[in-house]
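**Student:** Okay, here's the structure, questions in a sec.
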Amino acid sequence: NFWFALGVGGILTTLSQTNGRYQYDYATVPFLAEAFKLLVSSVFLWRECQSSTPSRMTTEWKSIRLYLIPSIIYLIHNNVQFATLMYVDTSTYQIMGNLKIVTTGILFRLFLRRKLSNLQWMAIVLLAVGTTTSQVKGCGEASCESFFSSPIPGYMLGILSACLSALAGVYTEYLMKKNNDSLYWQNVQLYTFGAIFNMARLVLDDFRGGFEKGPWWQRLFNGYSTMTWMVVLNLGSTGLLVSWLMKYADNIVKVYSTSMAMLLTMLFLGIIICMMSLHMYFAPPSKLVDLPLTVKTAPESVTEVSVDRRTDS
């Protein structure tokens, strides 16, 4: 389920576009996803509190304030990501994004004091190389040329983005395993700050735009479709699964899950496209396109004209 949720996210986001454009404010999607995660975690926490075994919850401010840090890191990461895409194209950014596999391993060792063997380090590097080669279409194509022709600030920002992504994941794992608090209580703290920071971004966008489109809460659902809601639900459910993974597994497992999700998505998407192509090529045209019905019309009446043929005597 985790692999499916991660892999299908990019497809749903692309399908939510109309004529290659977003008809909705895409900044509202992370806010609604954070609100969805907060709601689900609150319900589970309430049910856990109603059980016979009381939930462990640390309510001291010095512990709660630590959950501010991941929200700040993700906020900076989003701005760095936007700045990176100003210098490089999407394919180059995706290739550089594989650096977070290696940076996650490095920060995993430095901050969490988890020792990795030489064989495990080789496996992590091999995973980064494998995911990168699966995204490169060929050195003779334009994608490879654009990768090597990007300006230096784009590479620097791409490396910074990978480091921030890994840092946020490692720090979140540290918080989840810091004590024996309930997972749902930890999620409530994490997603509360996440919703606050995303709401602050919407308010800031309103001030930048001079409130031309009205306040953010009045246009929150403008342009939303069924596919857009699926993007929100997928993003929210993925976040809940990641928090569970951070609590009971680690970041390395998350890195492998993300990479496998990408590869499986490419595999199954390729199979689906090939099957659609096969069906479109060999299926009768009448089953693919609604052709207008051909109506047989009666032949027009032919007027007989008598011609007198006179022979010369």
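Cβ atoms here come from the backbone N, Cα and C positions, even for glycine.
Source: prediction; values computed, not measured.
The annotation signal peptide is assigned in TrEMBL to 1-20. If you look up TrEMBL, you'll see 26-46, 66-87, 93-112, 119-136, 156-176, 188-204, 224-246, 258-282 marked as transmembrane segment.
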**Student:** Does the transmembrane segment (156-176) make contact with the transmembrane segment (93-112) through 3 or more Cβ pairs under 8 Å, each pair 6 or more apart in sequence?
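**Tutor:** Checked: the transmembrane segment (156-176) vs the transmembrane segment (93-112), in contact.
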**Student:** Between the transmembrane segment (188-204) and the transmembrane segment (258-282), are there at least three Cβ pairs closer than 8 Å, leaving out pairs fewer than 6 positions apart?
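**Tutor:** Taking Cβ pairs at least 6 residues apart, the transmembrane segment (258-282) and the transmembrane segment (188-204) are not in contact, as fewer than 3 fall under 8 Å.
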**Student:** What residues in the same chain, six or more past the boundaries of the transmembrane segment (26-46), come closer than 8 Å to it by Cβ-Cβ distance?
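**Tutor:** Residues packing against the transmembrane segment (26-46) from afar: 55, 182, 184-185, 187-188, 191-192, 194-195, 198-199, 201-202, 205, 216, 220-221, 228, 231-233, 235-236, 239-240.
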**Student:** State the non-local partners of the transmembrane segment (66-87) in its own chain: residues 6+ outside its ends, Cβ under 8 Å from one of its Cβ atoms.
**Tutor:** 93, 96, 150-151, 153-154, 157-158, 160-161, 164-165, 167-168, 171-172, 175, 178, 186, 189-190, 192-194, 196-197, 201
**Student:** Give residue numbers and ranges for long-range contacts of the transmembrane segment (93-112): same chain, 6 or more residues beyond its ends, CB-CB under 8 A.
**Tutor:** 81, 84-85, 121, 124-125, 127-128, 131-132, 135-136, 147, 155, 158-159, 161-163, 165-167, 169-171, 173-174, 250-252, 255, 259
